[in-house]
Each structure stands twice: as structure tokens, then as C-alpha cells.
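Asks: Here it is, the structure in full.
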Amino acid sequence: MPAYRSRTTTHGRNMAGARGLWRATGMKDSDFGKPIIAVVNSFTQFVPGHVHLKDLGQLVAREIEAAGGVAKEFNTIAVDDGIAMGHDGMLYSLPSRELIADSVEYMVNAHCADAMVCISNCDKITPGMLMASLRLNIPTVFVSGGPMEAGKVVLHGKTHALDLVDAMVAAADDKISDEDVKVIERSACPTCGSCSGMFTANSMNCLTEALGLSLPGNGSTLATHADRKRLFVEAGHLIVDLARRYYEQDDVKALPRTIASKQAFENAMALDIAMGGSTNTVLHILAAAHEGEVDFTMADIDALSRRVPCLSKVAPAKSDVHMEDVHRAGGIMSILGELDKGGLLNRDCPTVHAETLGDAIDRWDITRTNSDTVRNFYRAAPGGIPTQVAFSQEARWDDLDTDRQNGVIRSVEHPFSKDGGLAVLKGNLAIDGCIVKTAGVDESILKFSGPARVFESQDGSVKAILANEVKAGDVVVIRYEGPKGGPGMQEMLYPTSYLKSKGLGKACALITDGRFSGGTSGLSIGHVSPEAANGGTIGLVREGDMIDIDIPNRTISLRVSEAELADRRAEQDGKGWHPTEVRKRNVTTALKAYAAFATSADRGAVRDLNAR
């Protein structure tokens, strides 16, 4: 029987000093035999997805104590990718994932916590906490802050649904007046919560449902809706039960590594492909699998992408559909339900809240349950009132979207496309693979060939696009923006948004060893591995080289002979694998430390102490 970890600091004569310090935090004699649960919060006033979390940690803490545990809250950092976008701040986004994972490990191990509730929400926070949970392998429940409501605006007599990306595209479009841009800006992000489309934050929070580490509704219930409070309340009670199951009954099904098995990772990736999730999820799923010592690789993702269809299209792939619409259609449990009906899911994986994922789907999929409670839960609607307050409204849809032929969620028999929403491409330009969000690619450019326009930084590409130097048919290549070369693997939301604003969203391709925001759509291919800084072929591309992209056949090729590539490689080896132009970029010691050990994207950009 495993001993409670906390007894290292709460039991025995020699721990009198530690107990004295625990008492100074408010603990009493009766508390020293209880499980100590870490409430890992990520409140910050910098990030709309986290601005409402201040009191939610203590809400969970009260429920933990009511269930017989001792709750101790601490915070991690949280970077807002949208605010950090387009300047040196984006260099810090991906490295912050590792810092978050490390900080959770440091706090939990230093204080011998028995279990934890992770209160996350935005882009790198959920992945960082997920990595920590699998690294520590103690009972864990995830509960996120929830998505924000979609923006709504009336322009020239027409109502539009909006999100962050619409504001960015409008600002770069010379045809839109300053007044209209202001109106869009003020309406795009109306409430607290993670940005309203199927961007990285919401994608990752949805994947925790498929992994079995969060409660149903975690990925889709709006941050503002009163129904979301139940998830926090239940998480507090559930984590005490999980801790007791493991430490008092030796039930390993309460542990993250048992729950998030290879089969569970396959479920999560199948969901990601079916819902057209952010390409960043691939990076984070690979990193989480690495922490959990799960043999899950790009090859597994490639295999899944060839058999899982696209069952849902949400912004940015479909601009008028947002997370509130996914929730109305039954949320993640209903997408999983359609995958289950198609034989594309591992039903027997355990979860934190049900014996198996199959049991959970049978209860929570709105097309197969008779529960009025479940159906009412998925009728939770946006309130339409700007606010930064959690659980502040109780609006309900009049009905649910159960149309699996033409609705927001489709059946396997009526998919948006037979090919899934994500694909792995390989070829001489990306020997170890790269990722494209096919759900956001227009059918007319699934096969694309064009001359390379080569840029050694995101900044250079942005200047060229805004100066109308990129033309229809071009393939924009942005290199030395990978985990090591950036460093930090910046998101390329501005280049893709500006291509859209110039009317080139369906006429150009963009290839990079960097990554893309979850808000990106178009023929945007990222995570090219190996990256340029690690000697990848992308570092050998020259201006005007022809590049061939074939998504249906999963290939990406540089139309240059092997002999010529060998000559270029020998020349580059002599020069060194770094940008030829001087980049005005403040790479601090902290960023250099990350770059020193960062691997390419095909390994999740995790640190490898043998990388140097």
C-alpha cells in the first residue's frame, strides 16, 4: 500500500519543525492525517482566460476541505499568446510551458503534496500542467476556466460572430475603415475565458476530456455560465476520492499514467483530428506523452490522420461557429460519441470520473442519453453581456443541435471531410514530418506548387506581405523560428492573418519550422522537422526554388536534386546553421538556456539534456 507522500512532513518526532510551519498556515492536529491536495491555480490579470480564476482556487479548496482533505493553493505563471504576438514577447510563450511544468513539480515535490487539482485555461498552461501531472504521477483532476463567449457585432446592417482573429485581419485590411476596425476590436473578445474558437487553449482543454483527466463539459462550457461552477465543486470532491483510492486502496486507476495510457492518447488525437484542433496540440500531446513515458509519436498521429474523418469545423475553420455552438451540439462527449459509433475510439480507458470512457460517453452523449440533467447542461448558452466574472449568467438555448448530418457535429457517415482535420506531411523538405490543419485549408489548394519566398524571420515575412511583395502562387518560407532557432518557436498568426487581409488566404502557402496560433487557417504548414537550426532541409531552400505540397498524399517536397542539396548542405555546414541576416532580437540568458536543450517539433520541442 503506498504511503501518503505528505506524511514525510507531517508524521514523526523529527518533523516537529515542519508541523510547526504547517500550523502557521492554519493546519490543526486533526489535519495531519488527511491527504494534502495542491490546488494549482494560474490566476493573472494579464490574461482574459485567467482573469476570473482568482477566487476559483479557493472555491475548489473549500470543497476539498469539505470532503476531508487539506487544500493548499499556489499559482503558476501564464503568458497570453495573443498579447505576446508579433514582438519578442512571443519568444517566451513555448518556453513558459516547461517553466510551468517545472514549477508545479518544484512546489508539489518540495512540499510532498499527495494529489492536485490543476486550474488551467490558456495556451501553454494546460500543456505545462499536463506534463507535470504525468511527470509526477499523483492523482490529478483538471478543471479549466472555460471559453469566452463569441463576439457579436452589427456592421452595415449585418450581424457577425467575431473572435480575436477577426480583429487582427480587419486591422490589416485597407478596405475596412478605422471606425469599423474599432467596432470589431471592441466586440471581438467580450468576456473572460479562453478565446472563443477552436484555438490552442480550447483544443487542449477539450483533449483533457478525451484523455480522461477532466470532467465532461470541461472543454466547452462557457466561462461565464453558472453551470461551469459545478465542475469546480465536483473537482474538489473528486480529487479527495482519487487520493484515498490510491493511497488507501492501492488503486492505480487513480493515477494519471494509468488513465493517460497510449490508448488514451490515441483517443485524444482522434478527437483532435475529428474536431480540427489547433496544430499546437500535436506539439503538446507529444510532450505530454514524453513525460508519461508513453510511446506515442508522429507515426501514430500520421496513422490516425489517415482514418479519422473531420466531424466538426469551428472558427477559424468556420468563422460563424464557436465553442458555445459546440457545447449546444453536445460538446466533446458527443464528438467522442460519434467516433465511438464509427469504431474509432478505445472505450475501455479509465477516467477520473467514470469506470471507462465508454461508460462516460453512454451517459453524456446527448444523442444516446435520456437524462434531462445532461441535456439541460448542454443547453447552457452565452449571456451576451460583457463581463470578467465567472458563473455570472444562466442563459439557455431553447433546443439542442442534434443534427448529425448538417449540424455543428457530424456523424462518421456525414463528415465535413473523410480526411481528418490535421495531417502529417513528409518529404525531403520535412524528413521527420510537419503538420497542417487541413480543416482550415480550402479544397482548391489541397495540392499546391509554387516558388519559394524565403525569410529568415517572421518579421521579414510580415514586412514583405504588407508591402505587397508576396504574390498569388508564392510559397512563403519562414525559417530559423523553431524551438532552438527562434528560440522559442514563435507563432505565425500575423503572417497568416495578413495573407488573408491581402486576399491571398487561398492563393499562397506558408511553410515554417515555427508554429501557428490555433487561430490560423489557410495552407499553413508548421513544425517542419528537423528545424533549420538543427540542419533541416528548410535551411537549404533558396529564393525561387519550387516547392510541391500534396495533402491528400501527405507529401511535401523541395524540387531540387539530391546532388544539389548535398552541395548546399556542405556549404551550409561550413557557414553554420543560423540566419544569414542580423535579427534585432533580444535573446536573454533564460531563452538561451531553453534553446540549448530544445528538440525539434517532431519530439514535442521537449528538452533533451543530451541535445548539445
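Backbone N, Cα and C define each Cβ position, glycine as well.
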Asks: Select one of ASP81, ASP163, ASP166: the residue that Swiss-Prot places in the Mg(2+) site alongside ASP123, LYS124, GLU491.
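Replies: Looking at ASP81, ASP163, ASP166, the one Swiss-Prot places in the Mg(2+) site next to ASP123, LYS124, GLU491 is ASP81.
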Asks: Quick one: what's DSSP say for ASP81 (Mg(2+) binding site), helix, strand or coil?
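Replies: Helix, per DSSP.
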Asks: Between the Cα atoms of CYS195 ([2Fe-2S] cluster binding site) and SER517 (active site, proton acceptor), what distance do you get, rounded to the nearest Å?
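Replies: Distance (Cα to Cα, whole Å): 11 Å.
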Asks: Within the same chain, and leaving aside ASP81, ASP123, LYS124, GLU491, name every residue whose CB is within 8 angstroms of the centroid of the CB atoms belonging to the recorded Mg(2+) site, in sequence order.
Replies: VAL79, ALA84, MET90, SER93, LEU94, CYS122, THR200, ALA201, ASN280, SER517
Asks: Express the distance between the Cα positions of ASP81 (Mg(2+) binding site) and SER517 (active site, proton acceptor) as a whole number of Å.
Replies: 8
Asks: Using the structure shown, find which entry in ASP81, ASP123, GLU491 (the binding-site residues) has the sparsest Cβ neighbourhood within 10 Å.
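Replies: Counting other Cβ atoms within 10 Å of each of the binding-site residues ASP81, ASP123, GLU491 gives the minimum at ASP81.
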